Amino acid sequence: MKAESGSADAKLPLPPPVGRKRRGLAILDFLLRLLAIGATLSAAIAMGTNNETLKFFTQFFQFNARFYNLSAFIYFVIANATVGLYLLLSLPFSIFDIVRPRAAAFRVLLIFFDTVMVAVCTSGAAAATAIMYVARRGNTKTNWFSICQQFNSFCDQATGALGASFAAVVLLILLVLLSASTLHRQRADF
């Protein structure tokens, strides 16, 4: 009977070692950071290079739409560039977490700053979204007219930058959740 129970135990799959799970989560953290860097920096570059000139009648009578004409767009560029720079500087800590998955001190530091960067990126994207809403739809009560009918490429490029920024917000939220999950698992293992 002992032989039968031993063979039944041999058929059960063994759970993966704890170190592999942690290392896998650390690699996922690193990849999410790379994606978020791409999203934030592409949003900042797309908005920072956004301008369009509309010529009326002659070359001397022109209307310009540039990102720096609106303070919300300036804040958007600064916020996304700041978050992108932070994510770039956090990569060595993420790599260290891959090498030493049991080090919780760096994970606590990353979860704190990741949460701050979620707020910074969200506020920049929200401010620019409010301006884009008025640019697309206007506001008849205040006599603000829609400019996107005339400045199509300006509005399209700004909308693309907003999409990249909101994608970065989602990636940052995933980073915070991943870090919280990793910290919770480390506490449970002790």
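Glycine is treated like the rest: Cβ placed from N, Cα and C.
Now, the feature entries from Swiss-Prot:
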type     : residues : note
CARBOHYD : Asn51    : N-linked glycosylation site
CARBOHYD : Asn69    : N-linked glycosylation site
TOPO_DOM : 1-24     : topological domain 'Cytoplasmic'
TOPO_DOM : 46-72    : topological domain 'Extracellular'
TOPO_DOM : 94-107   : topological domain 'Cytoplasmic'
TOPO_DOM : 129-157  : topological domain 'Extracellular'
TOPO_DOM : 179-190  : topological domain 'Cytoplasmic'
TRANSMEM : 25-45    : transmembrane segment
TRANSMEM : 73-93    : transmembrane segment
TRANSMEM : 108-128  : transmembrane segment
TRANSMEM : 158-178  : transmembrane segment
**Item:** Neighbourhood of Asn51 (N-linked glycosylation site), C-beta criterion under 8 angstroms, separation at least six
**Value:** Asn64, Ala65, Arg66, Phe67, Phe154
**Fill in**
Per DSSP (three-state), Asn51 (N-linked glycosylation site) is strand
**Message:** I'd like the Cβ neighbour count for Asn69 (N-linked glycosylation site), meaning other Cβ atoms within 10 Å of its Cβ, all protein chains included.
**Reply:** 10
**Message:** Quick test of the contact rule: Cβ under 8 Å, at least six residues beyond the ends. What residues does that give for the transmembrane segment (25-45)?
**Reply:** 76-77, 80-81, 83-84, 87-88, 90-91, 94-95, 97-98, 101, 121, 161-162, 164-165, 167-168, 171-172, 174-175, 178-179, 181-182, 185
**Asked** DSSP says what for the topological domain 'Extracellular' (129-157): how many helix, strand, coil residues?
**Response** 18 helix, 2 strand, 9 coil
**Complete:** Secondary structure of the topological domain 'Cytoplasmic' (94-107) by DSSP, residue by residue, totals 10 helix, 0 strand, 4 coil
